[in-house]
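As recorded in TrEMBL:
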| type | residues | note |
| --- | --- | --- |
| DOMAIN | 311-383 | domain 'DUF1736' |
| REPEAT | 499-532 | repeat 'TPR' |
| REPEAT | 533-566 | repeat 'TPR' |
| REPEAT | 601-634 | repeat 'TPR' |
| REPEAT | 703-736 | repeat 'TPR' |
| TRANSMEM | 33-54 | transmembrane segment |
| TRANSMEM | 131-151 | transmembrane segment |
| TRANSMEM | 188-208 | transmembrane segment |
| TRANSMEM | 220-237 | transmembrane segment |
| TRANSMEM | 243-266 | transmembrane segment |
| TRANSMEM | 286-305 | transmembrane segment |
| TRANSMEM | 372-391 | transmembrane segment |
| TRANSMEM | 403-424 | transmembrane segment |
| TRANSMEM | 430-449 | transmembrane segment |
| TRANSMEM | 458-476 | transmembrane segment |
């Protein structure tokens, strides 16, 4: 609905607009809700959305945050900014076959800014930005819902009128407090969805501005249409769903600006009705605007395709099992079941999980499966709504239902598996934008109930109760996202069949040193998914450390059999075989790992250890040198080189390697210790002493540091200092090898000196 007034002298113009608005049905007439000025309505929405997620501000980096932020080299200053445009969301090259093809450079740029301003990986700044973004989006929703629910009207001063203040406030509150949004707000990786939603909404509001009559009297502004296209492109550079706003702008234009009756239009197209020419499509510039949107969208997608370089990402069966089903029927049934689960999460967001893959939702393979009921219920509701949206005689009802369905369905299409395979079964984060449509439909349903209800206050109290319950649920769920332990354990009751949930609980326990409990969860993960190679690898690692070598070997051998290019499993298998003294097999496993991962410094380090055990010193040094070339901060490889050269009498070479290592890793006390030993043997006592003291300052509780410094003083003739450090060493470790013997020798020498002095 657009009304333009050319008579600038007309009195009480805004009141006239409101009278015209009242000629049409208005949701606010029937909704028993608070009527607040626009400013206060936005303040209330901002405050409540903040309260929902405020307790996530000091959470840790959890789940995918590790890969997208901590391990992402694109966040660091040494990575050129230009690389962001050729890398995926996780920091891999888009041209790589292993890339996920998730192209979100603007989101990564905000992560980089967080990292640089904070001076490191401090999660508080990341979380605060996410909370602010959600509050901002929720405030914008007041304006968006006022247009979608009340129509688009401007005063003669060009100010947009809010014709549905009560219903837009209610819809914005329903959006702000929806618990399904927790993953996007409390999980830092959800920044992509938040930024996408922000520019998505700005694109829509920009498109609406195009219909504010300008001074020249034009009915729409090409400039603002192009601005909305640019904002849509920015939304897509934050996350792929952003491109769908261009389609929604076209739907809005057709329904609200041109007031097209879709059913009538379809009939005219089918019967080639000549009156179609007078339907207003050309007269109001709809086709021109849609052409601009289509050209803009096509250009954006083409550029995106060119940057991506190769085909779609290669996902595995465990990521999305339905997409790998041979039967088209099984694929279709399961896709539709996934849609029903997404709808259920919008309706009843009580059971939430960080991951829904790996057996969490077993495949439907037969029509006798009772879960078919969910599909039937979904399509019964959708068909009913579509029929009402198309066939209702009430134009106001048709418009709201069509817009609600459009905002519910169109942003979900990239995640629907219809156009390409996606790497998940259900993901709460992808419902952030579709929830806009859900809130429209729910608010409209509430208005219909209010119209029929005799006791409207009871209905209003019930809605307030739902909002309060959602606020509490958001706060509880946000607290679960504060740490990996709480997040992973919360999923055990929701998805007990999900192998990844058990794997992550086990990994979290292993990281905390609770290996016995970790083994239990890793075993359950392997039981639930016998092809879960990462669980096998981690379980094999723990068993290796507990000296249960034969079972570890069985698990790791099975892992590389299932996934022959699993480099980490090949390396760990080599370590186990080395421990079992099967050196040839170990060497072969190490080289197989390096074959599948060319830049694998840890594998070169372990290969060097194998060669050292076999007295193949040159090969060992070469392997460790390769490790340090690939990873200059690889302290263990540097240390082993120094020690091996020291033990073989190559003191000059050992000293050179030690100095080179300390230039690269100047604060590593173990390197200081190793180089100090070499310098002591080379009779460079003063320099050796300085390094020993520096190492002890960095790690004062290392018995060997004090013991070897005592040996230096002993050789040097500083017997009192030698005695002091021998005693400190023995106090820290009474069983320190050689220290007690050296201390006894020193005591006897001191006693002899005392006797001579006496």
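A Cβ is built for glycine as well, from the same backbone N, Cα and C atoms used for every other residue.
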Leading contact stretch, 131-151, 188-208, 372-391, 430-449 vs the transmembrane segment (33-54) - CB distance under 8 Å: 131-151
Non-local residues, at least 6 beyond the ends, that sit with Cβ under 8 Å of the transmembrane segment (286-305): 103, 210, 220, 222, 225-226, 229, 232-233, 236, 243, 246-247, 249-250, 253-254, 257-258, 280
Any contact, the transmembrane segment (188-208) to the transmembrane segment (458-476), with at least 3 Cβ pairs under 8 A: no
When counting Cβ pairs under 8 Å to the transmembrane segment (131-151), the leader among 243-266, 403-424, 430-449, 458-476: 430-449
Within-chain partners of the transmembrane segment (430-449) [C-beta distance under 8 Å, separation at least 6 from its ends]: 27, 30-31, 141, 144-145, 148-149, 167, 170-172, 174-175, 178, 180-181, 184, 190, 193-194, 196-197, 200, 241, 244, 342, 345-346, 385, 397, 400-401, 403-409, 411-412, 414-415, 459, 463
Recorded stretches the transmembrane segment (403-424) and the transmembrane segment (458-476) touching, at least 3 CB pairs under 8 Å: no
Other parts of the chain folded back onto the transmembrane segment (372-391), taken as Cβ under 8 Å at six or more residues beyond its ends: 262-263, 333, 336-337, 339-341, 343-344, 364, 397-398, 401-402, 404-405, 441
DSSP helix/strand/coil residue counts for the domain 'DUF1736' (311-383): 36 helix, 0 strand, 37 coil
